[in-house]
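Accompanying notes for the structure given below.
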Amino acid sequence: MAAYLLAVAILFCIQGWPSGTVQGQAMPFMEVYTRSACQTRETLVSILEEHPHEISHLFKPSCVTVLRCGGCCSDESLTCTSTGKRSVGREIMRVDPHKETSKIEVMQFTEHTDCECRPQSASG
């Protein structure tokens with residue numbers, strides 16, 4: 001039995017482990033296709049880019065995760081676009097460097113709920 005296990009281990013070392021189990025192994029086509037499709041996905045957004053009027057404060061963390069549309073469409077003339085949005089709250093530490101104070105508070109961010117491939121605008 002030990003000789004068989006050794007032979008199997010050597011074979012895997014030569015040919016590679018079964019799909020997806022070894023770093024560098026190719027991801028199967030259907031998984032690549034599914035992951036790349038137009039859909040909501042967790043995205044990091046900068047607090048200052050989302051709330052540019054807050055430049056006098058520092059934030060910890062400086063970015064948050066929200067769901068945003070992203071991915072590929074089946075036709076290059078289409079773009080992955082949000083068709084539904086909602087406001088979500090995230091607890092953030094707001095630091096006022098001038099007053100040397102900080103407090104935890106809830107800030108609102110736009111999160112996408114639905115996505116669709118739509119024709120690209122003439123300006124984009």
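Along the chain as shown, the residues are counted starting at 1.
Cβ from N, Cα, C; glycine included.
Here the structure is a predicted model, which means the values were calculated and not measured.
Some features that Swiss-Prot has for this protein:
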| type | residues | note |
| --- | --- | --- |
| SIGNAL | 1-24 | signal peptide |
| MOD_RES | Gln25 | pyrrolidone carboxylic acid |
| DISULFID | Cys38-Cys80 | disulfide bond |
| DISULFID | Cys69-Cys115 | disulfide bond |
| DISULFID | Cys73-Cys117 | disulfide bond |
Distance check against Cys117 (disulfide bond) for the recorded positions Gln25, Cys38, Cys80, keeping those with Cα within 10 Å: Cys38, Cys80
Cβ-Cβ neighbours of Cys69 (disulfide bond) (radius 10 Å): 22
Using a 10 Å cut-off on Cβ-Cβ distances across all protein chains shown, tell me which of the disulfide-bonded residues (Cys38, Cys115) has the largest neighbour count. Cys115
Can you tell me the CA-to-CA distance separating Cys38 (disulfide bond) and Cys73 (disulfide bond), as a whole number of Å? 6
